[in-house]
Amino acid sequence: MTDLVVQGLSKSFGSNQVLKALDLTVPSRQFVTLLGPSGCGKTTLLRMIAGLEKATAGEIRFGDRRVDMLPPGERNIAMVFQSYALYPTMDVARNIGYGLEVRGTPKPERTEKIGAVAKVLEIAHLLLRKPKQLSGGQRQRVALGRAMARRPDIFLMDEPLSNLDAKLRATMRGELRRFHLDLGTTTVYVTHDQLEAMTMSDLVVVMNEGVVQQIGTPEEVYGKPANLFVAGFIGTPPMNLIPAKVVDGVVTVAGAPLPVPLPPGAPAELILGVRPQDVTMAAPGDAGAVPGKVWMVELIGSERLIEVEIAPKLRVTAEVRASHRAAMDDLVAIRPDPAHIHLFDPATGLAIRA
Amino acid sequence: MRPWIAAILYAVLGAITFVVCFPLLWAISTSLKPKDEIFRWPPTIWPENVTFDAYRELLFGGSVASAPGAGVPPSAYFLTWFGNSIIVSIGSTIISITVATLAAYSLTRFRFWGQRSVPYIAILGYMVPSVIFVFPMFLTMVSLELTDTLFSLILGYVCITLPFCLWLMWAFFRGVPIEIEEAALVDGATRLQVFRQIVLPVALPGIIAASIFSLIVSWNDYLFGRVFMNSMENLPLTVGVMHFFDGTHVDWALMMASSVLMTLPMAILFGFMQRHLVAGFGAGAVKG
C-alpha cells in the first residue's frame, strides 16, 4: 500500500503556468478526488503523476520511491482514461492482459488473472470480443479490468464516468467505490462533477487555476469551505455570497441586522455565505430577516427555489419545500440560519473563523 | 425509386461500364485471335478460333539467358521485364511506405519546427506533374552514375509516391487517438512496442491503401522507365512492351497479351485489398 506525495509541483506550457508549486499528500488506501472547473490543472496533475507529462519543477514520490524521473511503465500505476482508450485491434482478454504481457508474465498466470478480473467485473462472457463490439458501460468495465489486472500501487482515473448516461453513471459510482474498498489501492480520481466527488471520495482536493484551494473530507469542503472559491463551487444550487457590513458590532445585510456571531478581528466589510437550504422564508418586518421582493420562482421536484431581490441587483436564493407558495413580486423576507452562516474576508477571499 | 428512373440509371451505368471495360475486353479478345483474324474486316468481337500462341510466346518462348545477343526477339525479354517491374514496384513501395509511415507518425506525435507545414508542402509537391522533374532527376542520376539501373527507377518512384503516401498516413494517424498509446505506455510498453503492437495494427488499413496506391503508380509508370533506362534487359514492362511496335509493324497479339498479363497482378491485388483500400481512404477523409 502506497501513499502519494507531491511536493512543489509546477507545470508550464510555454508562458502558461497550469500548476503552481502544488503540494499534496494522498494517504495510502485513500480515494482522493481532484475536483475543479475545466482548465484548473487537475488532469495535468494526474498526467504528471502518471508520467505522461514532465514536471517543470517539483517532485512526486510513491512511498519512499521518487518517481517523477521514471517513464510511465516503471511507476507501477494504472490509469483509466476518459475515452477508455482500449486497444481497438485486440480482444477484451488481450486488452486486460496487455500490461501483464509486456511485463513478461507467463501465459497461464496471465490467463488466470484475466479470468479473475473478468469474473469480478462480470465481463467473462465478453473476453473474445473487440472493443467496437461493446457498449459504453462494457468498455468502461474493460478499462477498469485493464487497470485492475496488474495490481498497481496507485489507480489514476481521468473522468472515467463522463461518457456514460446518467443512470449507468450512478450505478458505476457505487461499483467503483465498492471496488476501491475491496482492493484498497490508493486512488486518484479526476472529475468536474461535484456529485461524484462528494459521493465517492475519502478526501476531496478542490483546485482552481493550478492551485489547491482546499483539501478535506467531503463534509469539510461542503460544511467548512476554506475560501470564496470553494464556497461558490461546492454545492447545488451554489451558496449565496452576500456583501455585508459590520455596524456597531452587528452584521447587517442590505441594512437589516442579523444575529450572526462575529469572530474577533473581523473586518468592517464581509462576504456572508449561506446555502439556499439554510435560508427560510419570513414575513417582511420579522426580526433577524432581510426584506425583499420575489424575483423568480423555480420548481425543482420536491423543492422550490425562490430568488429574492434584497437590494438592486442583489439576489438571494432560498430552497424551500415545494408546497411553499410564492408569486413573483411578492414582498417577503429571507432568514439565513445563523448556525450555518459562513463569513469571508472580501480582501483575501479566505474564510473568517472564530 | 420509380421503375423508369431505375431503368434509365441502369442503362447509363451499363453504358459507362461498357465504355470503361471495352479496352480490356478488346485486349483479351485480340490476344486470343490468330494473326489473320486480328486484321479481318468486319472485326470479330470474340475470336472464332481461340489461340494461346501469343501467351505461349511471351511466357515460354525462350528467355534472354538462353539466347543472348542481337537478333533476340523482344518477346524473349517479357519475363525479365515483368520481373523488373515487380522489383521496382515492390522496392519503391517498401521504401515509400516505411518512410511515409515513420514520418507521418512523428509528424502527428512529436512537437518540432515545421511539423504543421510538412504535410502540406508534401502534397503540394505531389501536385507538380512528374514530367517537370523527370529531367532534373535524370541529370542527378547521371551524376550519381545510376542511370539504367533498377535502383534509379526505385528512387524515381519513391519521389512520386512518397508525398501522397505521407499525406495519407498523416491523415490516418491524426485519427488514431493518442490515449491508446498513452494507455500502452502506462501498461509498461516501450515506445517501440507501442508503435509495433498498438499503432501499426490500427494503421494497417492506411498502410494497405498507401501501398496499393504506390504499387499501382510505379507499376503503371512509363515516363521514368523511358527516360532512365536504355538496355533491353533493364526495362520495366510498360516501356518494354513498346518494342512489339518496331516502327513499321505492330505485333498486336503480343501487345495485347502483354497488356492482359500486365493488368493481372494489379487486378488480383486490387480484388483482395479493395476492402482495406476503401477503409483506408475513408479514414483519411473523416477525422475520428
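Just so you know, glycine gets a Cβ as well, placed from its N, Cα and C.
According to TrEMBL, the transmembrane segment annotation covers B:7-28, B:81-105, B:117-138, B:150-173, B:194-219, B:252-272. Annotated domain 'ABC transmembrane type-1' per TrEMBL: B:82-273, in sequence order.
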For the transmembrane segment (B:7-28), distant same-chain residues with Cβ under 8 A (at least six beyond the ends): 1, 256, 259-260, 263
Within-chain partners of the transmembrane segment (B:150-173) [C-beta distance under 8 Å, separation at least 6 from its ends]: 84, 87-89, 91-93, 95-97, 99-101, 103-105, 107-109, 119, 122-123, 125-126, 130, 133-134, 137, 141, 144, 199, 203, 205-207, 209-210, 213-214, 217-218, 221, 224-225, 228-229, 234, 236, 280-281, 283-285
Non-local residues, at least 6 beyond the ends, that sit with Cβ under 8 Å of the transmembrane segment (B:252-272): 24, 26-28, 30-31, 33, 35, 38, 53-55, 57-59, 74-75, 78, 82, 85-86, 212, 215-216, 219-220, 237-238, 241, 244-245
